[in-house]
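Taken from TrEMBL as is:
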DOMAIN    1-232  domain 'G-protein coupled receptors family 1 profile'
TRANSMEM  40-62  transmembrane segment
TRANSMEM  82-100  transmembrane segment
TRANSMEM  139-168  transmembrane segment
TRANSMEM  180-202  transmembrane segment
TRANSMEM  214-234  transmembrane segment
Amino acid sequence: MYYFLSNLSFLDFSYSTAITPKMLVDFLASKKSISPYGCALQMFFFGCFADAECLLLAAMAFDRYAAICNPLLYSTLMSRRVCLCCVVLVYVSGSMTSMVHVCLTFRMPFCGSNIINHFFCDIPPLLALSCADTHINELLLFTLCGFIQTSTFVVIFLSYFWILITVLGIKSSGGRSKTFSTCASHLIAVTLFYGTLLFMYLRPTTSYSLGTDKVVAVFYTVVFPMVNPIIYSFRNKDVKNALKKLLDRNRTFS
């Protein structure tokens, strides 16, 4: 579990770093610009790490399923070699899907405005600038993103379905609450991450509202990567005690 958590932290840091520094520079600059190569690199790294995070969240759900539902087989099902293969597959798959999107997007002709109505180089606002038919790109975006998000969501759903059945079979209420607490942080992270991605990418471009999309994009590119370490730290006793002291102090002042 901790091996996957370290990789999740790396992914959160990486895809946020691909966007945030340039975004902060643009806030202070009078001329906000980015080169085509810089735009392509930003799109590639963001897409790569975002797709990889979807796959990693599914692997983490299966890891919890193995630990709770098959504890005697856990060391076999989730051996170090299996975990390493999962992580390698996560990064390779994310890189390949992102490369496909970048190559097809930058093969499109951009003969009109070159002003991107976004704070980073994302696929939908770039397709909106193209003067050619973008239906193939939209279909591919929907298909690849849909396949990754749907397949990983199914793995997560089935893993937690069997976890729920196993937990309900535990007679001790303390055992049930302790088991649920080990999964709560992951479920919160999954809900936040998948909710915004489904809203952003699994709909036709005719329904896009770039103003709304920019607000949503701030959450999954900047806010959630900062919040995830806090979410996964809720089980830590020191973090719980510090949070409790902070809340008690606020009540005292009020």
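Counting begins at 1 with the first residue displayed.
Quick reminder: no glycine exception, Cβ is built from N, Cα and C everywhere.
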Looking only at the domain 'G-protein coupled receptors family 1 profile' (1-232), what is the model's average confidence as pLDDT?
83
I'm a bit unsure how to read this: which one of 139-168, 180-202, 214-234 has the highest number of Cβ pairs shorter than 8 Å with the transmembrane segment (40-62)?
139-168
Contact set, same chain, for the transmembrane segment (214-234): CB under 8 Å, 6 or more residues outside the stretch:
5, 8-9, 12-13, 15-16, 19-20, 46, 50, 117-120, 122, 184-186, 188-189, 192-193, 196-197, 199-200, 240
Spatial neighbours of the transmembrane segment (139-168) far in sequence, C-beta under 8 Å, 6+ residues away:
51, 54-55, 57-58, 61-62, 64-65, 68-69, 93, 97, 100-101, 104, 123-124, 176, 179-180, 183, 187, 190, 194, 197-198, 201-202, 204
